[in-house]
Amino acid sequence: MSSKMFRLHMLFSLQRRRKYLMKYTRVFLLCLLAGCSICWFNTVCFVLCIKNFSANRPLALSLTIAFNGVSAALYTLAGNAIDSSSNAIYLLLNAIIPLIASIAALIPILRQPSLDPLPPDGVSRDSIIFLILNFLSILTGIYLLLFSSSSYDGTRACLLFGGAIFLLIFPLCIPGIVYARDWFHRTIHSSFRLHGSGFMLVDVEDLELHKELLSRESSYHEIRDETVDVNTGQKSSGEKDGCCDTMVKKDQLAMLGVEHPAWLLVRRLDFWLYYIAYFCGGTIGLVYSNNLGQIAESLGQSSNTTTLVTLYSSFSFFGRLLSAAPDYIRAKVYFARTGWLAIGLVPTPIAFFLLVASGNGVALHIGTALVGLSSGFIFAAAVSITSELFGPNSIGVNHNILITNIPIGSLVYGVLAAVVYDSNVSSSLNIITDSAVCMGRKCYHLTFLWWGCLSVLGLTSSLLLFLRTRHAYDQFEAKRISTT
């Protein structure tokens, strides 16, 4: 009797494992297709923004990337409005909404106007539009942060979802409103004028002028340096700089906007410093968000998982919007965008070391908000940095080479978290899921410590990148001021 029961148990276990394998295979294929779609969507959006909004490129990019960050909060509202008790509704929404959005965007993409330079009035008009869009984006983020983290009844959930849809669709009316305002000012009075865009750290026309001026001066500087070496006997080729000077000055970027093909890109030290900064910064934040449900469960906060996901999503949205702040304050405070990248990385190690020090709910919420803010800033700022350092025309290829760190980091950091989690799991099994569950701070304590140390490495790499590129940014700004 016991042997028969054993065979039945083994047969039942085998069938169950086959069922799980089929589910995992479907999930794997869905993730593979979703990952390919994300890369395709992002590349198309980045190229379109750079080509069509050259005068306000960082603002367009920050808005485009920012709304990627509110997808989770928006889907939560939609799921609560349709059927809050069903998890399958999210799969249905993920299948339908991207398809509808793609079809709606296809027509204006295919029927793009000619890419002629905008007149000064057009640049001013676009600047005003982007100001209004950023204001509306902040309102949208606050709305989703306040109302998508809690469950509501059917009628109220539908009203809240309708309000979110209105906030997302309303920006389509802004260009018409601005055109009407321009007509009013041309008809009534013409006292209001904006000469050029003040919201651009690196303008395309200024960049081309900067390249031309540097090329004219390069021969003069070479002759002057040779003369100094001969006449004064300054540092010869045999002398060596210090380690820090070598790291900062070796193969230093001469000017911004120089096109880098892929073979040249991977040979530059600046690119690998940039790669490490992204790998040990934004990618860690992304992996943290993917593990947020399990982290909340291990810390006894499983009832707050939806709130935590919404918190990360909303603060990631605000971080993406903040990436455009350097362009707004350029007239008062000019700072290399790579320096802003280093500043944006600071909250990540703070968040992880806070989670190492304390595992209560408050620390988890604060840490989640800081990681979301930091990673969102990095995701949005990185596109502009790639364009400025390695050329705007090569952005499609170069940025996709950069973000190869995302799947690599997801694998490395995910395996690290899994090893630490499994090493601290209890021997008891969850009968429903047939899986072991780890409870307590020990489940992710060592993982947070590793992630915090790695994020410090990313911060250090971003500081080195800033020191190596600061001269190019300062030189560009000096040339721009001297020609205005």
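Residue numbering: from 1, along the chain as shown.
Placement of Cβ uses the backbone N, Cα and C atoms for every residue, glycine included.
As stated in TrEMBL, the feature transmembrane segment covers range 127-146 out of the listed 127-146, 247-266. Feature annotation (TrEMBL): of 2-21, 402-421, the stretch labelled transmembrane segment is 402-421.
Looking at 27-54, 363-390, the range annotated in TrEMBL as transmembrane segment turns out to be 363-390. Of the candidate ranges 59-77, 89-107, 402-421, 59-77 has the most C-beta pairs within less than 8 angstroms of the transmembrane segment (363-390). Tertiary proximity for the transmembrane segment (271-289) is limited to same-chain residues at least six positions away from its ends with a CB under 8 Å from its CB atoms, namely 260, 265, 295, 309, 312, 316, 341-342, 344-345, 348, 368, 371-372, 374-375, 378-379, 382, 385-386, 389-390, 402-403, 405-406, 408-410, 413-414, 417, 451, 454-455, 457-459, 461-462, 464-465, 468.
Using a Cβ-Cβ cut-off under 8 Å and counting only residues 6 or more beyond its ends in the same chain, the transmembrane segment (89-107) has close neighbours at 34, 37, 75, 78-79, 82-83. Panel annotation: around the transmembrane segment (402-421), residues 35, 39, 271, 274-275, 278-279, 283-284, 286-287, 290-291, 294, 298, 382, 386, 438, 443-444, 446-447, 450-451 of the same chain, lying at least six beyond its termini, place a Cβ under 8 Å from a Cβ of the stretch.
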